[in-house]
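Student: First the structure, which I've put down as structure tokens, then a few questions once you've had a look.
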Amino acid sequence: MAISEQHPVRYGPARDYPPPPGENSTDAMPPMRHRNAARAPQSGEPGQQRYIGAPMPSAGKSSHSNRRLCAALFWIKTAAALALSLAGLSVLAYMIHQKRAVATAPKIIIDPNSPACQTNARTGLGRLEPPSGKMMWGFALNWAVETPSNVSAKMGGLKPAVIAMFATMTATEYGGSDMLRWMGQQCALTGSMLEVTMEPIVDIATIPDSLLVAFAKDCAYINSQYGVPILLRFGHEMNGYWTFYGLKPTMYTTGFRRMTNIMRQYSNLTAMLWAPNVGYTYPFSASASQLPAVGSADWKLLDTNSDGIITGADDPYGPFYPGDEYVDWVGLSIYVFQEQNINTAFQSTYFADYMAAFGPTIDTLVGPDYNQTNHDFYTRFASGKNKPMCLPESGSPYHPAFGGTDELTLKQSWWRQLYSANTFNNYPLLKLIVNFEEMKNNDRGIVSDWRQTANPTVLAAYIADFPSFKSHLAFGGTFGYDCAGTFQFFNS
């Protein structure tokens, strides 16, 4: 029963004073006595004690002495309990401090200015690049419901080499220092690299150096404290109109260079990734208001063939490249694109065509003015510059609301193309593929599901296929890095 539903219990006489005037008396009310004072039973009242559960206290000096004794005992016990509590808390705090001191000892001591922490050119590898013949794999998780450990458990203990996250940056904040560090700590549990996509949602020029420094320090903390390297995709898909810096090459390249310069003051275990969107439909139907003003400096940069218009005949990548000295990795966002969100089987050469920049898949996307050389991203920016390449996000979507080809066929066809002998043999600098492990609604309310680990049938098939390409892959927990960002397998 709720307290409000009960009658209060009275610990004392129902009435220990004479009745008020008009109630069995015509006299004025005498002065009220102390509520615990004894009095003789009145006429018509039983002569028993009127206290519930305790005898009537005696009057006078004895009563006050008892009260003082009880009060003294109460405060003595309270003080003793408080002292014991404080002592216990002190011991617990000391134990936590000792455990934390051990748990938070830096995994790697980072000194970017030390010659020992410079990228080792003798290996012929870039910063965080795995050795020849090895490719890393991973997932871009929905962190609200998944963690690296969780997805590894679903994979039967197979640990992804890379786990990705997305965050935004304004002129005053960058998604939360605590959250970023927590994600780094979670990656440490599976021995995975952290891929950070940091998307400025304001003019990059308005972001102060102090904020970029704070962000760089957080990355360095994760690198050192947890031994987790970071692949930083700063300002992704800059050749599309859907980002604040999109189709603004001057803003973007200046901002990327500034981020690189600041990051390298603090850590060599955070590599800079430059990653546009795959450009076969560039400039992606951008409207006049989304393109630079005609005749402006940015317009001239984008009009690479100088014909006075910006079309698919222009270079979709070059105007946005910050420069070799600022870029450690290059990458492309590549997804299976399905017209009208219908679940349809795609070409068995889909991925190979996208990588080679020609083939039956490309023929359906481009017009007669298509320039294959401009679109051959791998040749231009990976092999041509000797830089490791990745797919920082990729996937084959399934649309549950539509019929057509089943989910397993669509997704298995995709991962088998990605991890095929053709891929490993023809694109040795493709060193990382990340699957977009999410299900989302698009702006028309249509659900697209890119996840490979959600449907038990798809997951079982994915795990079953792993032995066929496992020898080419690097797994979380099997490799590490020195302070120069040099990759090394633990058993080597």
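Cβ atoms are placed via backbone N, Cα and C, with glycine included.
What TrEMBL shows for this protein is this:
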ACT_SITE  Glu237  active site, proton donor
ACT_SITE  Glu393  active site, nucleophile
DOMAIN    119-462  domain 'GH26'
REGION    1-62  region 'Disordered'
TRANSMEM  71-96  transmembrane segment
Student: Say we define neighbours as other CB atoms within 10 Å of the CB. Which of the active-site residues Glu237, Glu393 has the fewest?
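Tutor: If we count Cβ atoms within 10 Å for the active-site residues Glu237, Glu393, the smallest count is at Glu237.
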Student: Any idea what DSSP makes of Glu393 (active site, nucleophile), helix, strand or coil?
Tutor: strand
Student: Check Glu237 (active site, proton donor) against DSSP and tell me helix, strand or coil, would you?
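Tutor: For Glu237 (active site, proton donor) - judged by DSSP and reduced to three states - the answer is coil.
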Student: Cα-Cα, whole number of Å: the residue listed as 'active site, proton donor' versus Glu393 (active site, nucleophile)?
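Tutor: Cα-Cα distance, the residue listed as 'active site, proton donor' to Glu393 (active site, nucleophile): 11 Å.
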Student: Limited to the domain 'GH26' (119-462), I'd like the whole-number average of pLDDT.
Tutor: 96
